[in-house]
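Pulled from TrEMBL:
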| type | residues | note |
| --- | --- | --- |
| BINDING | 108-115, 191-195, 249-252 | GTP binding site |
| DOMAIN | 270-283 | domain 'SRP54-type proteins GTP-binding' |
Amino acid sequence: MAFEGLSERLQNTIAKMRGKGKITEADVKEMMREVRLALLEADVNFKVVKSFVKTVGERAIGQDIMSSLTPGQQVVKIVNEELTALMGGAESKLTMNNQPPTVLMMVGLQGAGKTTTTGKLASLLRKKYNKKPLLVAADVYRPAAIQQLQTLGKQLDMPVFTLGDQVSPVEIAKQAIAHAKAEHLDYVLIDTAGRLHVDETLMNELIDVKTVAQPDDILLVVDSMTGQDAVNVAKNFDETLDLTGVILTKLDGDTRGGAALSIRSVTGKPIKFVGMGEKLDALEPFHPDRMASRILGMGDVMSLIEKAQANVDEEKAMALANKMKDNSMTFDDFLEQLQQVKQMGPLDDLLKMIPGMNKMKGVENMSIDDKQMAHIEAIIKSMTTKERAEPAILNASRRRRIATGSGRPVQEVNKLVKQFEEMKKMMKQMSGMGGKGGKKGMKGLMSGLGNNFKMPFLKLF
Ligand SMILES: Nc1nc2c(ncn2[C@@H]2O[C@H](COP(=O)(O)OP(=O)(O)O)[C@@H](O)[C@H]2O)c(=O)[nH]1
Ligand SMILES: [Mg+2]
């Protein structure tokens with residue numbers, strides 16, 4: 001999990017302040033010392049750390065008293081706001097040219113994820129904005145680079161422009177844009193070559209491509225796992241090419257976070273997207289505010305909602321939400337829900353987006369893999385219709401029969417039944433919380449998630 005160390009240290013530091021009715025200057029100093037260490041340890045650029053700690057410290061000491069917040073909460077709010085500002089404040093969107101095609105030039109070192117990200121971005125442009133992209137194979141050096149893009153194009157059912165590897169990238173870019181115009185395509189995404197290190201030959205070639213292609217966005221793709229190197233690379237590329245934005249890849253790995261927190265501040269260029277995996281849908285717009293909340297363990301409810309909306313069948317979810325309200329959920333519903341949740345990605349990643357959940361015990365081990373899914377399915381399918389609807393009738397002999405039928409140990413059947421019951425109980429409590437005396441956080445969360453998403457999977461494993 002990305003940002004783990006930073007997240008934990010910051011949260012521990014903040015936790016010490018949380019309960020305090022009054023925060024002294026000494027408290028703030030002590031806290032800033034810890035924040036400083038946490039950031040340095042996360043490989044954040046030291047100049048960035050210095051100025052961050054200074055700003056937060058000054059604001060925390062000089063804070064106005066707001067009646068609605070305790071001093072501890074105010075410090076959290078300041079840290080959250082400053083982390084957000086550090087990462088660029090608001091979301092930075094792609095440029096869109098009024099006269100299509102909009103040209104995006106992808107640059108970066110070898111292995112950073114340019115080609116993959118080109119495919120992901122094209123896919124996102126089509127899925128989210130209904131645009132028609134053209135993928136352009138302008139890496140004529142790396143063996144099989146063209147083929148890699150063609151494979152992506154095939155997977156996405158999207159056109160790929162190539163002139164083979166004997167034509168210069170400049171010529172390829174020129175002809176690709178002409179082709180896109182003729183075909184009325186909306187976006188041209190140029191996948192350029194990388195090198196192992198920044199070198200002059202590479203930069204000169206990229207400058208030439210830039211001159212010819214006149215890109216609306218020049219996006220640097222950098223690997224977040226490389227930490228401060230990523231920041232230096234960004235600085236180098238920006239000095240030569242005047243980037244318009246950065247895409248940070250491999251944020252699904254356990255990067256310490258230094259690049260995400262330093263790049264904007266060091267280069268002045270915004271992070272526009274983050275890569276969250278190898279699959280073609282694993283690219284997300286970068287929201288500094290949400291990332292800050294995630295780091296501080298305040299959850300990222302917005303991203304969770306969006307993910308849910310993109311992946312969950314709304315009608316089915318709605319029907320289920322109603323069943324949960326009157327507590328008539330069956331094992332069939334349960335299975336269907338599991339399948340939907342599974343489509344959204346690793347469960348523990350999802351759970352960490354929920355406020356407070358990242359601190360909950362057991363979250364680490366929560367995941368539904370294909371094997372577990374198959375076992376659960378086998379067990380449920382071995383129940384009779386009546387048993388699925390009325391788990392209360394599942395006595396010992398029925399459970400033994402189900403175990404035999406599904407080829408699973410009876411303990412596993414017992415566990416599943418127990419989890420199902422617990423979940424039903426929890427659902428009942430949660431829907432009760434929507435009303436008056438409900439806890440503010442949970443209530444806000446639930447209404448934020450709307451009727452179509454009630455997290456019935458929280459306590460499964
Ligand atoms: N885990 C993970 N892997 C990624 C991500 N983006 C790219 N990769 C992987 O990084 C490797 C290099 O990617 P590629 O697109 O060929 O890099 P290029 O040399 O810059 O074109 C491939 O194995 C990709 O699957 C990401 O966001 N997360
Ligand atoms: Mg490539």
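All positions are counted from 1 along the displayed chain.
Each Cβ is built from the backbone N, Cα and C atoms, and glycine gets one as well.
Around the Cβ of LEU251 (GTP binding site), the number of neighbouring Cβ atoms within 10 Å comes to 26. Of all Cβ atoms in the shown protein chains, 14 besides its own fall within 10 Å of the Cβ of GLY111 (GTP binding site). Under a cutoff of 8 A between CB atoms, and with a sequence separation of 6+ in the same chain, the neighbours of ARG195 (GTP binding site) are LEU109, GLN110, THR201, LEU202. For ligand 1, the binding-site residues lying close by, meaning a CB under 6 A from one of its atoms, are GLY111, LYS114; the full candidate list was GLY111, LYS114, THR192, ARG195. Close to ligand 2, meaning a Cβ under 6 Å from one of its atoms, is not one of the binding-site residues GLY108, GLY111, LEU251. Per DSSP, the secondary structure of the domain 'SRP54-type proteins GTP-binding' (270-283) breaks down as 0 helix, 6 strand, 8 coil.
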